[in-house]
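Below: one structure, written as structure tokens.
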Amino acid sequence: MSKFEEEANLNLEGEDCESDGIGSMSAVDASGKRRRVVEWLNSLFPSLNIPLEASDEELRALLFDGTVLCGVEKRQDPSALENQRGAYISFEQRREKVRRFLSAVEGMGLPSFTVDDLENGSISAVLDCLLSLRDHFNSKLGEGGIHGTANCGNKTRKKWFTSKDDRGAMDICEGYLIRSGKNSPTGAEENKNNYSESIFHRVWHSSAVSEQTASLRHGGHKFHEVFQLKHGRYSDIPAAKISEIIKSNGLDNAPTQSLLSVINRILDESIDRKNGEMPLRVASLLRKVVQEIERRISTQTEHIRHQNDLIKAREEKYQSRIRVLETLASGTNEEAQVKKTAIEESKKQEEQQTLKLMKEKENNDRMILEFKQELEAINNTYEDHYRQLYAEAKQNEARLQERTKEAEFLLAESSKRMNELKALSEFKFHNWTKKENVFHNFISFHLQSLKGLRTSSESIKVEVNNSQREWTEELKSMEFRLKVLLDAAENYQTILAENRKLYNEVQELKGNIRVYCRLRPFLPSQFAKSTVDYIGDNGELGLVNPSRQGKDSHRVFKFNKVFGQTATQVQVFLDIQPLIRSVLDGYNVCIFAYGQTGSGKTYTMSGPDSPSEEEWGVNYRALNDLFQISQARRNAYNYEVRVQMVEIYNEQIRDLLSDTVPDARMVPVKSSNDVLAKMKLGQANRAVGSTALNERSSRSHCILTVHVRGEDLKIGSTSRACLHLIDLAGSERVDRSEVTGERLKEAQYINKSLSALGDVIFALSQKSAHVPYRNSKLTQILQSSLGTFPNVHTIKVLSATLHFLRRN
Ligand SMILES: Nc1ncnc2c1ncn2[C@@H]1O[C@H](COP(=O)(O)OP(=O)(O)OP(=O)(O)O)[C@@H](O)[C@H]1O
């Protein structure tokens, strides 16, 4: 059944309408009626373009040839029409169709005409019929049957056929359309084609049905796209298009089967997807379609319920008619029997029809129930799916927003980083360009330098060759000189020995016995007039003796040198210093300090108590010098130094560093400090007595002997020598010192020993055969040194006073 037929059936089953009582047309002249009919037909069939002045015959031919009333155009070539619109309709068939049209018009209660009228009779009757038909339709249109109704075709038709006559007309139409289709040898499709251009079809289709089609075209052309979606997917339809479909009323006009097809396809698509996801827009479309189907089911249910009511009403109506007929039948038996039979037949037919309708209703109810259950299941599935999809969509949307934010943040970061990198790369590029320039300059500079270097290297090469030659010559000359030096080194010891010999010869030339005189300044406690007349540069010392007259009042003494009262310890030592070197060369040296008590002997030899470095006496300075020279010669000589310190008191010898003599202790010393320490010890042990002349007067001879053993590291020879540093006891006269007793005895011993010393020195100076060493302990101790004379380098007697060697 076509859509058109389906919708027609629905309308045929509409309510039982009452006649609206269309009256006959007012009398008009034939030309006016014809003109109005032509206008109406032209409005329905614009393609016919019928002239307004068309004659009755022309109009008759047009109406009868099948175009207007039969829906078949007049064709010159029937075979061409067969291919396009169906079979060619014969004259008899046209007559038949016209008759059906006329019976339909009669059913509607409108003025009719005969087939003969249409062929040759009164055209006025035909015109009246058409005008009545026009007015009838126009009056329905005026009631809102077409233009004022909803877009739905069903509803439109229901309002259009609101009267009983209309229902009759629709019955005729049903008969005209459906029965003719069923009876047609070409079937329903042919009939559809045949009546599609008929006036009924035109009226219906151009007003009601065309309204529906227009509605579909207006709002549903997009929906057609949805139905006609053959190859694509619903998820591929843009959201805007789906939104337009949902908002428009296209779905309202779509066939139910198409809507179900849409649902199935959307669900199939969803199932086909692996994750079962459904785009939100498609889900919205699905929801809309399901809603539309629900609405239709609800409408159908209402409709069926209504039909059921109608059937029941009809049944009751028929029952009452039956009862009336039965009452009438009881009056006249025969007639009643006939009528009863007819009524029974009619009743039987009615019952059969009722049963049939009930059966159909049950079937419909069952189908609707099944359909509803199926739809409910689909709807539930869809709702679940929709909720799930909605939740997923929300989650996806949140995730998407988050990712969008992240992406925006990353994009901003990337942009920022890109800008930084761009700036950095530009900066680097600039730097590299600069470096490149610098490098080029550097390269060119170095190439130039290289050229210069090459030139220089060549010249250097020449110079090197020259230098090599020169160095070779120089080396040869150095070799020669080295040979000379080696020869000289071999002769060094010889030369050194010669030098030493020459040096000591010089000392000897200066005199082996030297006598120096040092004048002591007056002490702060002394108030006396000096007896010194003058001090000569040549060692002369002039003295004045006021107690004597004449020649004896002036006396002149001769020394090697005279040191005045202002002479310092350093100045005194400078004349002694060369003799220290002689000791290291193996010569014995004796240095005496001779003079009367308090004349400054100890001061000259040792210095004052706790002396400063400037006040150091001859002893310290001599030993200090000795160690310095030995240190300077350490590469050639190894010296061992030991000291002895003894005193002679009343002709008795006492070791100041140990107990016994001659085994007087020989103490090794390494430095001046060692010597200082030993001398302090000796001084502490020295016997000191008090006299009238010098309260610190020493009453003993103090002898400090330094033994030096030298080893020549090259030749292995050794030399030995000793340095005697002697602080003699005071040489005052006994009568003048006014001492008695023990002190007198001490003085006598002192004088005796000093006298013995003078005798020995005198004998030595005179080179006497006999030297009286044994006259005193002092000379006995010093014999080894004095007796080796002239090997003994010098014997120096330093007189700190005017009285020194009495024999002078
Ligand atoms: N050149 C000098 N300059 C300053 N003071 C000196 C000098 N010579 C000696 N004296 C001082 O004179 C005093 C006597 O000197 P010193 O003790 O040396 O005499 P002495 O001859 O050794 O006496 P004695 O025979 O009794 O030992 C000391 O106080 C000493 O400091």
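A Cβ is built for glycine as well, from the same backbone N, Cα and C atoms used for every other residue.
The ATP binding site feature in TrEMBL is assigned to Gly595, Gln596, Thr597, Gly598, Ser599, Gly600, Lys601, Thr602. What TrEMBL lists as coiled coil is 333-413. Sequence annotations record features per position, and here TrEMBL assigns domain 'Calponin-homology (CH)' to 31-138. Per TrEMBL, domain 'Kinesin motor' is recorded for 512-808.
Of all the binding-site residues listed here (Gly595, Gly598, Gly600), the one with the fewest other CB atoms within 10 A of its own CB is Gly600.
Listed in sequence order, the binding-site residues among Gln596, Thr597, Ser599, Gly600, Lys601 whose CB lies under 6 angstroms from an atom of ligand 1 come out as Thr597, Ser599, Gly600, Lys601. Counting every protein chain shown, 29 other Cβ atoms lie within 10 Å of the Cβ of Lys601 (ATP binding site). According to DSSP, Thr602 (ATP binding site) sits within a helical segment. Note on the domain 'Calponin-homology (CH)' (31-138): its mean pLDDT in the predicted model is 72.
All protein chains included, Gln596 (ATP binding site) registers 22 other Cβ atoms within 10 Å of its own Cβ.
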